[in-house]
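**Q** Quick one: structure below, then a few questions.
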Amino acid sequence: MSEQQVETAVLEEPAPVRVVGEVPDTSKGVFRPITVVGNPVLQHPCETVTAFDEELSALVADMFVTMYAAEGVGLAANQVGVGRRVFVYDCPDDEGVRHIGVVVNPVLDELDPAQRTLDESAEGCLSVPGAYADLARPEYAVVRGQDQFGKEVVVEGTGFFARCLQHETDHLNGYLYIDRLSKRDRKDALRQMAELTPRYEVVPNA
Ligand SMILES: [Zn+2]
């Protein structure tokens, strides 16, 4: 492809056509520093949420503010140091649809083998700042849980959004994406992280 063609291809890329979910009100939220690999809160399964109260709504508002400030597409509660099963997302899928929402107590559906088509793409994480690595994951995911008011939700994703749903649920189960890499790729990701200063405030590891 010539340089001209590359430019044309970029210009012709369609803008997001549809939003699934609601753009959150971030006026009441505050940024919370982000935990990074090595912090124990990222290495243990988070606790089930039982109280759908104002404290939870405040946590969700802060998580959206934090995710946007750090320019992420998803954020799990233990990434702001809270070991509870909550994640937020604002993430495009491969069709240009923008998905926004909250899942409390998420559980991924087991896919039948026919649905398990793997997609190998680059993945990154706000808790491993500056690092990216290719990782194969199913290109389709369904997660079930509740919203911040306790209402049942089912969120279905394809492509990059399916990756996000799996990545965030992994966080709440105590796993980082680098835990799914080969030893060599994990080491490389940690080296990439060590070479960069994060562009947002992080919680220093003890
Ligand atoms: Zn992450």
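Note: Cβ is positioned from N, Cα and C throughout, glycine not excepted.
Sequence annotations record features per position, and here TrEMBL assigns Fe cation binding site to Cys125, His167, His171. Sequence annotations record features per position, and here TrEMBL assigns active site to Glu168.
Looking at the shown structure, what environment does each listed feature sit in?
**A** According to DSSP, Cys125 (Fe cation binding site) sits in a coil region rather than a helix or strand. Neighbours of Cys125 (Fe cation binding site), defined as other CB atoms within 10 A of its CB across all chains, total 27.
Annotation note: Glu168 (active site) sits in a helical segment as assigned by DSSP. Under a cutoff of 8 A between CB atoms, and with a sequence separation of 6+ in the same chain, the neighbours of Glu168 (active site) are Gly74, Leu75, Ala76, Phe87, Tyr89, Val103, Pro106.
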**Q** Centre the Cβ atoms of Cys125, His167, His171, go out 8 Å, and tell me which other residues of that chain have a Cβ in range of the Fe cation site.
**A** Gly74, Ala76, Gln79, Leu126, Ser127, Glu168, Asp170, Leu176, Tyr177
